[in-house]
Amino acid sequence: QVASFFFIGLMSMMIPLCNVFGGLIAVCLLMGLFDGCFICIMAPIAFELVGAQDVSQAIGFLLGLMSIPMTVGPPIAGLLHDHLGSYDVAFYLAGVPPLIGGAILCFIPWVHERQKLKDR
């Protein structure tokens, strides 16, 4: 999932750099592949983190949180385009949250291990 986040962020940032249509197709294919991997592995990871009893609530919470940037992002991208005349900055900014999320996810095993040590 961490790799998926990193690649989704990286591919979002690479969209403005595509000068030929074939490059855009390659970037979109990779982004779609890693987005599919992220969605497929979300449930098993949620199950592992919160347990069987709370997994449905965790997935609902994740999808609810994901809906906020999906709803607010396009109007913000439009405002940036109106002010800057290009969508490039919007794509660069859209790549930042997945990269930060991937970096934060790298710390979850460490926090989980500390919690186990604390419980002992």
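Heads up, the Cβ atoms here are built off N, Cα and C, so glycines get one too.
Residues or ranges marked as transmembrane segment by TrEMBL: 20-47 (among others).
Look at TrEMBL and you will find 59-77 (among others) tagged as transmembrane segment. Through the fold, the transmembrane segment (59-77) approaches residues 42-43, 46, 87, 90, 94, 97 of its own chain, all at least 6 residues removed from its boundaries and within a Cβ separation under 8 Å.
Look at TrEMBL and you will find 89-111 (among others) tagged as transmembrane segment. Residues 1-6, 8-13, 15-16, 49, 69, 73, 76-77, 80-81 of the same chain lie 6+ residues outside the transmembrane segment (89-111) yet bring a C-beta within less than 8 angstroms of a C-beta in it.
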